[in-house]
């Protein structure tokens, strides 16, 4: 099932998500739906708060990027960044902020402690694009969007577009929670 995506200014995106205590059939179903939703949008990462679940759960698949064609889809539960290295500036976008992109400075490499879809613990190093995608998605779990990390001057330049999203005046090629909720209210 394709889940509607919550957009900029939705309260769930500003909350610190709750850790998972384990993986049961409901979480397995949510993981599958998150992958379906991410692929349909299309995106390369999706955090549970983006689909209305305040849980520390992320799915990532960067194999659509040529240099990462061999990458295997990844489920990240209860992630915690334990070390950072380097620094890089790159343009980011987000399914929760449709139609907007902006430059964000982030560490270029991270060491991450997390659990997988079987709730097994891992500690691994990630660099380059994967480090960036993981940090972007982990930000969602902490109530932060990439626009919150943009330079203040750049952020001011996109404020009208952000206001339009907050007011529901935005279209996307994937279902938005605000549109779904509006249709349900009218029914």
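Using the three backbone atoms N, Cα and C, a Cβ is placed for every residue, glycine included.
As given in Swiss-Prot:
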{"type": "BINDING", "residues": "94, 136, 140", "note": "Fe cation binding site"}
{"type": "ACT_SITE", "residues": "137", "note": "active site"}
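For residue 140 (Fe cation binding site), the same-chain residues lying six or more positions away in sequence with a CB closer than 8 A to its CB are 13, 17, 47, 49, 50, 58, 96. A Cβ within 8 Å of the Cβ centre of 94, 136, 140, the residues given for Fe cation, is found for these other residues of the same chain: 45, 47, 50, 92, 95, 96, 137, 139, 145, 146. Spacing of residue 137 (active site) relative to residue 94 (Fe cation binding site) is 9 Å (Cα to Cα, whole number).
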